[in-house]
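Everything below concerns the one structure shown next.
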Amino acid sequence: MSETIDKTDTTTFHMEGKCPFGGDRIGGALGNRPTLENWYPHRLRVEVLHQNGLAADPLGPDFDYAAEFAKIDFEALKRDIKQFLTSSVDWWPSDYGNYGPQMIRMAWHSAGTYRIADGRGGAGTGLQRFAPISSWWDNGNTDKSRRLLQPIKHKYGNALSWADLMVLTGNCALEIMGLPTYGFAAGRLDAWEADNATYWGPEVVEMGSVSSFDDMVNRDKRWRGKNGDADYDLENPLAASHQALIYVNPEGPYASGDPLASARDIRITFTRMAMNDEETVALIAGGHAFGKSHGMTPAKEIGPPPEMAPMEAMGLGWHNPKGSGAGKDTMTNGIEGSWTPDPTKWDNAYLENLFRFEWEQTRSPAGALQWTPKDPDAPKTPDAHVAGQMHPLMMMTSDIALKVDPDYRKVCEKFLNDFDAFTQAFSKAWYKLTHRDMGPKHRYLGPEAVIEDGLLWQDPLPERDYALVGEAEIAALKQAIAATGLSVSDLAFTAFSAASTYRDSDKRGGANGGRLALAPQKDWAVNRRAAPVVEALRGVMATFNDGRSDGKKISLADLIVLGGCVAVERAARDAGVETPVPFTPGRVDTTQALTDLEMFEWLKPVVDGFRNYVDDGFGQMTRSVSPEEMFLDKANLLTLTAPEWTVLTGGLRALNANHDGSNRGVLTDRVGVLTTDFFRNLTDVDLVWEKADADGMTFALKDRASGQTKFEATRSDLVFGSNAQLRSIADAYAGSDGQRRFVADFVKAWDKVMMLDRFDVKGHRRYGPMAA
């Protein structure tokens, strides 16, 4: 039976033209403040583990970038880029008729965010396209550089990532101006959303807030001590001297114009970015051989950065109201001028000018502090846009720093007297700068990738010269490992210790290479428990490898991981679940000579919640971060999701993979058995937690009724019960039906960690052509 609806009834239909919302105000929509971060600023942001997931990627999980890139005519691509570099468009004309210097800056600033402390930053995912990096003051007008490249990006489509295009364009720019580049490797996969997790410093800048802007530029929050004092140091894990700068303030600390103070900042900053003194000088002197700095308009007159620009700007920021806003009116960092008489030619004029002349301070049209030669007869540099117009040479305070610092000066003098050495040093330092975060050479794509050279910063691994073991040999090796009498706990601890050094930020660490047996890792306090296990496994390796005639061998690196498989299988079996743990052989053992001690020392954990480790000095550190936040950071570096993080921790506690073998967090009476006891006891409503120390670092789990202490634990344990998101996952395993799911999920997460560094395995992750 049909029903007639009275359309005049306003309880059913809104009147025409009336807002569907009640009332006459709309206060907000999804994502508008205030949000959780405003209400509860100290909450653990577990959701950051899920950023840049497949849901954000329009290309989907089956897109094979390596295969698509291989279809590109690489030489044709480079010709397209080089043809563009020597062109010019009216809306953003090229300096000197050459976009090369501008593109070098774009590529440099894309790569220059890299820092060795946690491996984050760098050019690897093209994050210069997103906030906050896109809108840092030091990245002024890089938005124009990327927009100029848009036609080339569209021509090659998804076969060429933005991350690769930016670096390759920088390489092409160097080549057309005369520098023989060391090489170029593609293989960078674009991010599809902003990085909302990386810690870039304590400063917060709100538009229109003078006090917060002062917080940014005065540096006091990230630096300790005074420049020149013995305790002068930069907060970890930071590398940049200022918020929103790539390296240092070119006018000197606090825009002081002090070259020696600038040199101190340069050394700290470039060291934090994994560069030594020679590489630092090569990069600064090499980069400043090209182009010019722009400072024709006071900064206060420049519009907001891309992230704050009006919608019609379409992602372009820093609107300049002076003249055309571009060309001869361009404003970028406020300093105006060029370092050399021929800014589009690779030569030694930068160093020649720096040392030949005495320099005096002056001001740019924008008011920035800079330096000009005292000698009125010093060479001039041509205007970038007005034919026949000449200008004095320019140096920044950070350039004069290379002359006044004794150690930097020695390097400068070496390069000044040997242009070939300078050329090679800059070429190799540029390659390192732009490839530092790419990881092993197995990820490298393209005909110009440097594969043969054993560059120490690439953490090289020797080529395998033996046949891999098969199923029969693996079974025999498992029996041999079991026969050693090594416990489930010791085997699991050792395997996880080796594999969990991996960090996806710069693709370093992991079990491949067997570096757990080498300095510095073998000497870390957190790894002390692994030493006897490694020695026992060496014996298994020697017995297996010696005297074989079939060419098959096993590496120590593989045996360490296989030992973990033995432990997990046994622990699951004892819990009533029979399950195989995947094992993929092929890891090799590297040598001490191929291990950079200083660079690997940065992988040493201060806090490792997986192994319930907190460095002895952590409590004495000046810090604003908790152990559980450091634990979350570690989970992110291991690419773990919140469920993977949770199930791994629960399983490792059941196995007792604590660094010292203590029972903290081992919430079970069946140690070494892969049970869900950790989750059941953690969430048991009949038990209550109490602080066991004044700092709230350790806790006692007591029976509510009797007050008897049952277990002890740390913040890295309690977080899985105190954080709502993690507790919801813990509940999924604590239930009566959780055991089999727990074992299955633990095995998957375990294998994921063991395989994170296996870029040599074809099809395992997105790899380059060396994968076999």
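Keep in mind that glycine also has a Cβ here, set from the backbone N, Cα and C atoms.
Swiss-Prot lists Arg105 with the feature site 'Transition state stabilizer', giving sequence analysis as the kind of evidence. The active site, proton acceptor annotation in Swiss-Prot covers His109. Annotation source Swiss-Prot lists heme b binding site at His288.
Locations of recorded Swiss-Prot features on the structure.
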| residue | record | contacts (Cβ under 8 Å, 6+ apart) |
| --- | --- | --- |
| Arg105 | site 'Transition state stabilizer' | Thr142, Ser145, Gly287, Gly291 |
| His109 | active site, proton acceptor | Gln128, Asp138, Asn139, Thr142, Ile246 |
| His288 | heme b binding site | Trp339, Thr340, Tyr350, Asp399 |
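Secondary structure at His109 (active site, proton acceptor), as computed by DSSP, is helix.
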